[in-house]
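Colleague: Pulled these features from TrEMBL for this protein:
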- B:83, B:88, B:124, B:128: [2Fe-2S] cluster binding site (BINDING)
Ligand SMILES: Cc1cc2nc3c(=O)[nH]c(=O)nc-3n(C[C@H](O)[C@H](O)[C@H](O)COP(=O)(O)O)c2cc1C
Ligand code: SF4
Ligand code: FES
């Protein structure tokens, strides 16, 4: 199997090795094409975003205005904070120059002169590795003014790394832009979309790290080649991060559409102790969990997972064996979303806290069957009623975990004690600063 | 206590400002520089950041209080972060968290009396394949057992 994003080439993270393996040849080729040609090729390749929503990358790029009256920006999303996801860090460590080359081609295609690479603050080590690669690229004339000479073109662009500081919400695209602007990471109301009103109000495109790393091979080998890999409607390879109760957890680059069971059994070495699987979350903790008996025939691409009742998300596969206490897992997931809610919308701020409290009450042996219905009801009132998709991300695990594992959750609530749930809980994130103070900027 | 940036850090700040079209945008990296120099972000530090960037202090305050990696009080020399998100708890993270709590005698966001250690229960660190994991200051330690964590903590001077 061919690896596109993480090729098995030793020391590929050194520029000379990268250059010896067709490095920056795609960029050279790109500069002989028009930006429309490149966008067209990416569209035809069928590449879909690897950041969670699997949106068509070429289509997203085509939303960027053609006029040059305002500066345009590219943001590369390396916030990687979705629980269960640990793939972009492999790119920072093992193939940083392909990411940089992808950034150059993308900037050229959308007409951006500046790209910001947003990396989560906890990734100190990987930020250093990436910064090194960026510095070397500047020195060797692959970024900045010197590009013009290197590539014999009149285009040049800058790439800056912006270090996050611990906030899951900053992975949401509009929150990420506020964070780069030096503000609290509050998601913005959409529309207007980033292609119209992004960084500092200018046209902006946001793509995931893995998405951008796929660009050079597409330009080098052509869209037809790419479109034939894996599942036709969601082509290419995907970095699957497998964690939880498996023998060989890790990141596996495989064609999209690979059987979920095959990834778990063949690549991740099967479940520890040969136990049965109770539950799998296939795309990071925000995606609907699947029952062990729902996994047969499920393929890891956007369409198949949708059909199976879940979503591809970030491709982070969390495997839970038959002995897992799902109430504990769900409490932990709900705590996470409550903690990370930015507090702007009432359904998300209050609802996430309410769900966590109700689940903890069940854990304390004080729950009833009605609480399970209540949880699903609260979840359904959050879903679709918030500014950003964190609301849905908080609602789905609760709604689907309880409906799909109702029998197990009934077990936890056989105690008929009734205590009313207090409905006044607040986001744990400090939201003491009035919004009005921020709007000055 | 009055806080001023070192000459070297002022130069770094100048370089950072060139990456962004507004000086407000430099606030996050500048807070990091201040935290590295001072250990934590006090009122005086915020004032000086606002000064250096010619922005309102409330802008600094609002950013400092939003992001969990900025600290408004001193942390230990070794800031121990234990991930207890899903992939990690499936592989025993709560046991590790409990044993670290017991060994250091402190809880979430507390500091030992001698100022050597502080402890934080953190969300997923993007190392789920190496669960359970902890981070100490900037370094990740993965595929841990209680014993290994003990060894690591004992090795810190
Ligand atoms: C709460 C939340 C967190 C997100 N976190 C990330 C993230 O860490 N990395 C990422 O690439 N996308 C993340 N996204 C998705 C981004 O908003 C955006 O869709 C994505 O970066 C677009 O890139 P793509 O089209 O290449 O997938 C998140 C979305 C939400 C709602
Ligand atoms: S849905 Fe939640 S995280 Fe998103 S903007 Fe609203 S309160 Fe903030
Ligand atoms: S769950 Fe602990 S690192 Fe991801």
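Glycine residues also receive a Cβ, built from the backbone N, Cα and C atoms like all the rest.
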Colleague: Have a look around residue B:83 ([2Fe-2S] cluster binding site) and count the other CB atoms within 10 A of its CB, chains all included.
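Modeller: Within a 10 Å radius of the Cβ of residue B:83 ([2Fe-2S] cluster binding site) lie 30 other Cβ atoms.
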Colleague: With an 8 Å cut-off on Cβ-Cβ distance and a minimum sequence separation of at least 6, pull the same-chain contacts of residue B:124 ([2Fe-2S] cluster binding site), or say none.
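Modeller: Correct list: B:83, B:85, B:86, B:87, B:88.
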Colleague: Please report the three-state DSSP label of residue B:124 ([2Fe-2S] cluster binding site).
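Modeller: The residue in question, residue B:124 ([2Fe-2S] cluster binding site), is coil (DSSP, three-state).
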Colleague: Long-range same-chain neighbours of residue B:128 ([2Fe-2S] cluster binding site), Cβ under 8 Å, sequence gap at least 6?
Modeller: B:85, B:87, B:88
Colleague: Provide the three-state secondary structure of residue B:88 ([2Fe-2S] cluster binding site) computed with DSSP.
Modeller: helix
Colleague: Please report the number of other Cβ atoms within 10 Å of the Cβ of residue B:88 ([2Fe-2S] cluster binding site).
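Modeller: If we count other Cβ atoms within 10 Å of residue B:88 ([2Fe-2S] cluster binding site), we arrive at 30.
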Colleague: When DSSP is mapped onto helix/strand/coil, what comes out for residue B:83 ([2Fe-2S] cluster binding site)?
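Modeller: DSSP call for residue B:83 ([2Fe-2S] cluster binding site): strand.
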